[in-house]
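S.K.: Sharing the features that TrEMBL gives for it:
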type    : residues                                               : note
BINDING : Ser10, Ser16, Val17, Ser18, Met96, Tyr97, Asn98, Phe99 : FMN binding site
DOMAIN  : 2-198                                                  : domain 'Flavodoxin-like fold'
Amino acid sequence: MKNVLVIESSPRLTESVSRALTERAVQMLESRYPGVSVVRRDLGRSPVRHLDEPTIVALRTPAELLTSEQSAQLQLSDSLVDEVLSADQLVIGVPMYNFGIPSGLKAYIDHIARAGKTFRYGADGRPEGALGGKPALILGARGGVYSEGPFQSFDFQERYLGAVLSFLGAECEFVRVEGVSLGPEVLAAAQKKADADLLETAALRGAKINLAD
Ligand SMILES: Cc1cc2nc3c(=O)[nH]c(=O)nc-3n(C[C@H](O)[C@H](O)[C@H](O)COP(=O)(O)O)c2cc1C
């Protein structure tokens, strides 16, 4: 059975626009692929800790030299890496915070971007990501508009996530609700557009992967 790893990163548990979009995407995926397994990683509800010095030292220590204390330090990162590697499809709900992503999602990325586990550099010096073309559907919410207009160059939310996830070997698709802060009518229209955009994604068309297998 194929599994979808759903990563939520909004600290808002009730009013979140990205969570609502993610839920609609999950419902669409479940009805398109009955029986697909959904694994949830909720960074808003249960944040992962930031990297600290002992963890960074452990990350840089060869596996055969790790003390039992250092192995324990790496347990969280190891389990997050296993979880992301074993997913067939990633779905990531993400608010824009200060033109980028919330710090909770950044802390998560610091745990899963692991030299030798999720990426390495090939003989020609090029990065090789271990996610092996895994599809990642990135579902964003932002107060303003960044897909066009004067703030386009301020969008470090999609640009950063697209860069780091493709570095790790994922193939990213983006659907967004933007203009959330521009009034209820703009929000409703943006949500309607995002729902229509979801139906056009490779994930829902089964273009890259058939989650029913
Ligand atoms: C701390 C914080 C920073 C934000 N920074 C931006 C920003 O730089 N640009 C923007 O368009 N909206 C910004 N917003 C608005 C959010 O992107 C918007 O409310 C979005 O809906 C949040 O996602 P959520 O509804 O899933 O929590 C910010 C909101 C917060 C709480």
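Every residue, even glycine, has its Cβ placed from backbone N, Cα and C.
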S.K.: Going along the chain, which residues six or more apart from Ser16 (FMN binding site) have their CB under 8 A from its CB?
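M.R.: Sequence-distant Cβ neighbours: Ser10, Gly44, Gly93, Pro95, Ala141.
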S.K.: How many Å separate the two farthest-apart Cα atoms among the FMN-binding residues Ser10, Ser16, Val17, Ser18, Met96, Tyr97, Asn98, Phe99?
M.R.: 17
S.K.: Restricting to the chain of Ser18 (FMN binding site) and a gap of 6 or more, list residues whose Cβ falls under 8 Å of its Cβ, or answer none.
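M.R.: The answer is Glu8, Ser9, Ser10, Gly93, Val94, Pro95, Leu139, Gly140, Ala141, Val177.
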S.K.: Near the Cβ of Asn98 (FMN binding site), how many other Cβ atoms are there if near means within 10 Å?
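M.R.: Neighbour count, Cβ to Cβ under the 10 Å cut-off: 10.
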S.K.: Need the DSSP three-state call for Met96 (FMN binding site) to compare against my parser.
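M.R.: The three-state answer is coil.
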S.K.: DSSP secondary structure for Ser10 (FMN binding site), reduced to helix/strand/coil, please.
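M.R.: It is coil.
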S.K.: Across all chains shown, how many C-beta atoms besides its own are within 10 angstroms of the C-beta of Tyr97 (FMN binding site)?
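M.R.: Within a 10 Å radius of the Cβ of Tyr97 (FMN binding site) lie 18 other Cβ atoms.
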S.K.: Have a look around Met96 (FMN binding site) and count the other CB atoms within 10 A of its CB, chains all included.
M.R.: 23
